[in-house]
Amino acid sequence: MSQIHKHTIPANIADRCLINPQQYEAMYQQSINAPDTFWGEQGKILDWITPYQKVKNTSFAPGNVSIKWYEDGTLNLAANCLDRHLQENGDRTAIIWEGDDASQSKHISYKELHRDVCRFANTLLELGIKKGDVVAIYMPMVPEAAVAMLACARIGAVHSVIFGGFSPEAVAGRIIDSSSRLVITSDEGVRAGRSIPLKKNVDDALKNPNVTSVEHVVVLKRTGGKIDWQEGRDLWWHDLVEQASAQHQAEEMNAEDPLFILYTSGSTGKPKGVLHTTGGYLVYAALTFKYVFDYHPGDIYWCTADVGWVTGHSYLLYGPLACGATTLMFEGVPNWPTPARMAQVVDKHQVNILYTAPTAIRALMAEGDKAIEGTDRSSLRILGSVGEPINPEAWEWYWKKIGNEKCPVVDTWWQTETGGFMITPLPGATELKAGSATRPFFGVQPALVDNEGNPLEGATEGSLVITDSWPGQARTLFGDHERFEQTYFSTFKNMYFSGDGARRDEDGYYWITGRVDDVLNVSGHRLGTAEIESALVAHPKIAEAAVVGIPHNIKGQAIYAYVTLNHGEEPSPELYAEVRNWVRKEIGPLATPDVLHWTDSLPKTRSGKIMRRILRKIAAGDTSNLGDTSTLADPGVVEKLLEEKQAIAMPS
């Protein structure tokens, strides 16, 4: 695997990069051998009100999982993201907003964003929200979503952002679990030309008899669409901020005061409210942003993630703003109204750094050159990928077509629970291999272990664990520390278990193979679904694939592949045989799919993650309990897949 084609560091990157290979090695060694010294120094990336004396105080020990960083220091996140930039860079653009409709866009300076955040902070205080209260934010991708988040941080309220694609049931569950006192929403959201009934969803969520904590709903007017109104409870955003003062002194917060709760789907039971605190989280978000994207002042940065996901928290807002960057916020989708929309936005705003997801990349790849038609993308310097392992074919297409063969691709592996990047290239320090997340970030100590938790050395494959803490690590699950310990620290003692499997090659590069529960065991051989999917997608006629295991009398598990073809391609018996032979040739006979299920679309969450749990159930013919489908972008896909399944002959 180490013999795979390596992409060397381009000269234009090497000439001005923040970290070169020698610096990476020296800094990484210090970060794991002397974490107090290293993180004590790196913590200075922020402005502290009371400087910290203690740096690291952490334990992964069974029954005593405790994570504290900079615990005697005080600061305010919003002051670090706004106030400290005003004197020298107040007129610099903080947020470029690009609407769903390309004719709508605006630039908001640091000065203007600071004013809006102070006004909304005063509004929250007027509504009786105080330090420690939880505020639910259910908004579209508009600047006011950022204003609401920063205003919460400014007064010390804990925000719980709920992705705008979630159903009323999902919204209610998150409000109940966090006891939110206030909900901030919009009349409607806009996405790919369609309106999304956000206020109606909130109204429906609040009808749940178990929602008892909410006192008010603040509503932003985005479309002017018709909505129901409950006097006394519902309040217009514009009415409130008009009367609010633009003067506000940011609240002094302890580094370990809660900053936000973000719910992530559990494979079983209710969603998990991942809790991040203020100091360590922001140090880590700022430092990873600066070094992984090789950020230079003046760069225009675009992260396509929604604020409802951790990527939107750390790398659309907090990391970039802490560094004084210009961050682009996009309301739309990358391939609407034309497949070239993403490339058009890059050209329009002269984007230098683009961070998006493999799902978007594969969707554009299926369109071929239409995805870049009429654009030159010459402003781009760095590309990034997030959300799932990227298959080498999509990586190469992204590098070649979007980045004109000159932009390093930082393939970042991390999770909601990690707060920031864990395994990732650094543009000036890492030679790249398509499909590999490469090397750990500073302070991150990954290891591969076998099923008993024994460390595996050298080039090998196993479960990916982290053996010591890092500042961005989640501190607990909201209101359920026992579940936190059970979920992340009980599988392997004294280690954080990511739930992912990985392979390490001869160069020490890590290749994420997917969730450990996405590893198939075919005739005693372990096969990562990501590897089979990658082979399928490498076929010139295939746009997307998802592979699951189904029970098999002889092999233990058989391979069931859902396959979406490129536009203009049609399924046929000949293609069926061709695709099976293709995988056999790419990986070996063991990996040959037993079943190919042709389909137009896969069940995905709004963030583009494929819901494999549902695919496993459908493939196995188990439709008794498909679980929570409220997070699906298009719940109708499930019915369609079930219908298609009826016509498929299953292996015995």
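Every residue gets a Cβ built from N, Cα and C, even glycine.
As given in Swiss-Prot:
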BINDING   Arg191, Ala192, Gly193, Arg194, Thr311, Asn335, Ser523, Arg584  CoA binding site
BINDING   Gly387, Glu388, Pro389, Asp411, Thr412, Trp413, Trp414, Gln415, Thr416, Asp500, Arg515, Arg526  ATP binding site
BINDING   Val537, His539, Ile542  Mg(2+) binding site
MOD_RES   Lys609  N6-acetyllysine
* Do me a favour and check the Cα-Cα span between Arg584 (CoA binding site) and His539 (Mg(2+) binding site); whole Å is fine. => 12
* Just the number: how many Å between the Cα atoms of Thr412 (ATP binding site) and Asn335 (CoA binding site)? -> 23
* DSSP three-state assignment for His539 (Mg(2+) binding site) -> coil
* Thr416 (ATP binding site) and Gly193 (CoA binding site), distance between Cα atoms, whole Å -> 29
* Shortest C-alpha distance to Thr416 (ATP binding site) - which of the binding-site residues Arg191, Ala192, Arg194, Val537, His539 -> Arg191
* Highest CB neighbour count within 10 A among the binding-site residues Thr416, Ser523? -> Thr416
* Asked: What three-state secondary structure does DSSP assign to Gly193 (CoA binding site)?
  -> coil
* To do: Going by Cα-Cα distance, pick out whichever of the recorded positions Arg191, Trp414, Lys609 is nearest to Val537 (Mg(2+) binding site).
  => Lys609
* Restricting the comparison to the recorded positions Ala192, Ser523, Ile542, Lys609, which residue's C-alpha is spatially nearest the C-alpha of Arg515 (ATP binding site)? -> Lys609
* Count the Cβ atoms, other than its own, that fall within 10 Å of the Cβ of His539 (Mg(2+) binding site), considering every protein chain shown. => 19
* Closest of the recorded positions to Trp414 (ATP binding site), Cα to Cα, picking from Ala192, Thr311, Lys609? -> Thr311
* To do: Among the binding-site residues listed here (Arg191, Arg194, Arg515, Arg584), identify the one with the smallest other-Cβ count within 10 Å.
  => Arg194
* To do: By CA-CA distance, flag whichever of Gly387, Pro389, His539, Ile542 among the binding-site residues is nearest to Ala192 (CoA binding site).
  => Gly387
* Extra residues within 8 Å (Cβ to Cβ centroid of Val537, His539, Ile542), Mg(2+) -> Glu393, Ala535, Leu536, Ala538, Pro540, Lys541, Ala543, Glu544, Ala545, Val563, Val579, Trp582
* Cα-nearest neighbour of Arg191 (CoA binding site) within the listed recorded positions, Gly387, Pro389, His539, Lys609 -> Lys609
* To do: Could you check the binding-site residues Gly193, Gly387, Pro389 and say which one's CB has the most other CB atoms within 10 Å?
  => Pro389
